[in-house]
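A.B. asks: Quick paste from TrEMBL:
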- B:31-51: transmembrane segment (TRANSMEM)
- B:84-104: transmembrane segment (TRANSMEM)
- B:116-140: transmembrane segment (TRANSMEM)
- B:160-179: transmembrane segment (TRANSMEM)
- B:186-207: transmembrane segment (TRANSMEM)
- B:219-242: transmembrane segment (TRANSMEM)
Amino acid sequence: MSTVDDPRASGPFPTNGLDDTVHQRHRLGILTIAAEGERVEVAYLREALELTAGNLSRHLTVLEEARLIEVEKGYHGRRPRTWIRITREGRQALHSEIAALQELLRRHQQTAPTSTSAGPDDRPLT
Amino acid sequence: MPSESPREDSAQELLASMTTLRRQARAARQAYWLPLLLFGVLIAAAAPLYVESVEPPPLRAGSDGPALTGLGGGFLEKSAALGWYWLVALVGGYLAGLAWYRWHGRRAGVQTPTRAYVVAGIAGTLVGLALPIVLEFLLLNTSAPLSSGTSWLTGPLLGLANRGMLPHLVIAVGLAVLAHLERSRSLWVVVGLYTVVLVAVNAWFQISDLQSGDLTRFSFMLAAMLPAPILLIGGGLALAAAKKQHNR
């Protein structure tokens, strides 16, 4: 019988749904920002995530090789600019990751009923 | 963001961090104040074309404009001029919106997907050109059951079109699509208020049993201008909020 006191009874543990390519904190941040717009400039990502150019480039390469993002190089005037665009697979992977994290949080709160902290979904987005 | 180990971060921390990043990116890319101000100004600038002359209606030289002036309505003295004005203003307004979002996206580093907004605006303009003809056909030329079955919708819509207010509806549709793309509750509120005023003004004309002489030469102008302040105030507030955020 399924009860809230027995998390094992409500399916596989949510960490099974976490993908290491996506779950890494900075890569998750890149996908989150990229999913918010049509495309995002690398300079914006570097500033928002407080990463060095080399570190960011390493994470972008991982995501591009996993086909979760596409990289577009171009110019604005004479200045070279690099934009990234999230792919359909990237959007799906991000949604799966969010669902897994929310499920993990839900189970954690069920097993620790004294916890009173609110989840991020309670916060307004705009 | 100090941790590099994927399992070290708790789910709650990660979700909170994602919410913050999403909120920041959204604030950086949102730029709907310009379309609101632009369409508010375009409505206000059309005011002289909605004013009737002092001559009594029978003395006016009435003329049917070409099909491209369909947005100007049939009740107004300057329908053809108003039709041309709105055709240019709507197409120009939506293309200017596209250019604005491209420029703003390059500057902010995050681009809003605006293709659907422009497509909705241009398609709405084309539908607005054809709609009066279709509505008149539905009301006057179809069999009685079909005509009476659809008159609850076609009647008020044709009234709105004849008063030269179809462009207002095209603007409402475009801004609703933009609110969806911008994921902005504030813009949804502005679009909602604008639509309520638009519907209320036209419902008043529809419900009132107006007799000859009840309307003044400024009545259609006042009706057409009433939704404009909502766009102007909404755009002004959004601009002030954007400047405040930029100065932080």
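Glycine is treated like the rest: Cβ placed from N, Cα and C.
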A.B. asks: Near the transmembrane segment (B:116-140), which same-chain residues lie under 8 Å Cβ to Cβ, leaving out any that are not at least 6 residues past its ends?
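C.D. replies: Those are 67-68, 70-71, 73-74, 87, 90-91, 93-95, 97-98, 101, 146-147, 150-151, 154-155, 157-158, 161-162, 166-167, 169-170, 173-174, 177-178, 180-181, in sequence order.
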A.B. asks: Against which stretches of its own chain does the transmembrane segment (B:219-242) lie, if we need a Cβ under 8 Å and a gap of at least six residues from its ends?
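C.D. replies: Sequence-distant neighbours of the transmembrane segment (B:219-242): 30-41, 43-44, 46-47, 50-52, 75-76, 163-165, 168, 171, 186-187, 189-190, 193-194, 197-198, 201-202, 205.
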A.B. asks: I need to check the long-range neighbours of the transmembrane segment (B:31-51): which residues 6 or more away from its ends have a CB within less than 8 Å of a CB in the stretch?
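C.D. replies: Sequence-distant neighbours of the transmembrane segment (B:31-51): 72, 76, 78, 81-82, 85-86, 89, 93, 96-97, 100-101, 104, 108, 112, 164, 167-168, 171, 174-175, 178-179, 182, 184, 187, 190, 217-218, 220-221, 223-225, 227-232, 234-236, 238-239, 242.
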